[in-house]
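Data first, discussion second: the structure below is written as structure tokens.
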Amino acid sequence: MDWGNVSTEDLIEALRAVEWSSTPRPLSEFFSRFTFPRSYSKWNSRLKCNLYYYRTNYFIMIVVILALRFVRRPLAIVAALLTAISIAFLNDSFAGTFSEKVARTVRQFSPHLAAKMRPALTPVIRGRPSTKRAIFICGRPRWVFVFVFSIVSFLLWFVSCGLLTVLWAFGIGLLATLAHASFKSPNLKARLNTFREEFRAVWRNYSEL
């Protein structure tokens, strides 16, 4: 797969739709074989490949950097957690899993309330949905939860006076991610994994026809 031909929008869409609970890559592989890219095209292809393949490692690394900066500020830690959840809601798999677990828990106490948390049915025309499948969380559009969690986390950042600190920590995490993705040489296992993920995505699209 030529990652140089993959646009940034396609990469973001792939990260949004990919399975959120994928396990991180081993540290022995994550910190092995660093080389300097020989050209801009090589760097561009390597960057996109590593961002996709080591996505879980980068997410954990940024969370750890944020946690180290706020170890003495419990309120800021809660704000960071809510921010991470609001970002995770943008992933289809995480949003669906979260909604199912909440509905299953509520059903144990109030089946009537759990029934109200079901999303509205999408009209079907000639055996296919009339519009692109929308993502709902507890019966509400996903953007509602993203907006609410983002507002609450912003207020907590403001109250804890840790907004500037989190910007520095988040910037350090992004720079560390960019540096690693730029100099980490993709191995054969990474390429084979991306081929498998691409095949699954294509097969899933064909099965929906």
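Numbering starts at 1 and runs along the chain as displayed.
Placement of Cβ uses the backbone N, Cα and C atoms for every residue, glycine included.
Per TrEMBL, the features are:
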type: TRANSMEM; residues: 52-71; note: transmembrane segment
type: TRANSMEM; residues: 77-98; note: transmembrane segment
type: TRANSMEM; residues: 143-160; note: transmembrane segment
type: TRANSMEM; residues: 166-183; note: transmembrane segment
Give the one range among 52-71, 77-98, 166-183 whose Cβ atoms make the most pairs under 8 Å with those of the transmembrane segment (143-160).
77-98
Non-local residues, at least 6 beyond the ends, that sit with Cβ under 8 Å of the transmembrane segment (52-71):
11, 14-15, 18, 22-25, 30, 77, 80, 84, 162, 165-166, 168-170, 172-174, 176-177, 180-181, 184, 186, 190, 193-194, 197
